[in-house]
Amino acid sequence: MAEKEKIKRNRREEILQALAQMLESSDGSQRITTAKLAANVGVSEAALYRHFPSKTRMFDSLIEFIEDSLITRINLILQDEKETFNRLRLILLLVLGFAERNPGLTRIMTGHALMFEQDRLQGRINQLFERIEAQLRQVLKERKLREGKGFIVDETLLASQLLAFCEGMLSRYVRSEFRYRPTQEFDGRWPLLAAQLQ
């Protein structure tokens with residue numbers, strides 16, 4: 001019984017990896033059908049539905065992976081790093097680096113892969129970015145408590161500016177067919193961003 005469950009889990013992972021790879025390829029700029037996905041995996045559409053009740057559920061699983069990866073690591077950054085600007089820099093680098101290592105998932109993060117899917121999926125991505133923005137805002141607000149100095153500009157505005165930078169870099173990555181890496185020249189960009197936060 002355990003062996004059967006392991007095979008099923010492996011097939012599920014194989015399906016999700018195939019979907020992510022298709023999103024990374026030129027197929028990712030178009031609607032991915034279950035027929036195309038089944039052909040890519042080398043199984044029938046019926047076999048896909050034995051592992052996932054719908055394509056929406058496949059996207060849900062990929063979004064869950066994105067959420068778990070980012071939020072877990074953001075929490076580790078907040079736990080390990082105490083200095084405000086280092087926290088912010090590491091959170092931005094985390095989001096950009098994750099996208100760079102997972103181009104297919106970046107299409108989901110930017111919403112490009114979800115244009116032809118259920119609105120609920122886009123809502124989940126919106127919630128993810130709202131959570132990241134809330135974390136950035138909290139880091140900014142905690143500066144006064146941790147370091148004894150606040151910001152001239154409202155923390156809400158600053159957090160949205162940092163998130164907009166991230167989202168812009170992810171969109172550029174997708175638009176360029178993954179040529180312009182999100183972390184490219186980050187070391188030069190960060191001082192410009194940090195200067196806006198003073």
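We count from 1, first residue shown onward.
Cβ atoms here come from the backbone N, Cα and C positions, even for glycine.
Given the ranges 61-88, 117-144, the record in Swiss-Prot names 117-144 as coiled coil. Ranges compared are 33-52, 93-112, and Swiss-Prot records DNA-binding region for 33-52. Break the DNA-binding region (33-52) down by DSSP state and the numbers are 15 helix, 0 strand, 5 coil.
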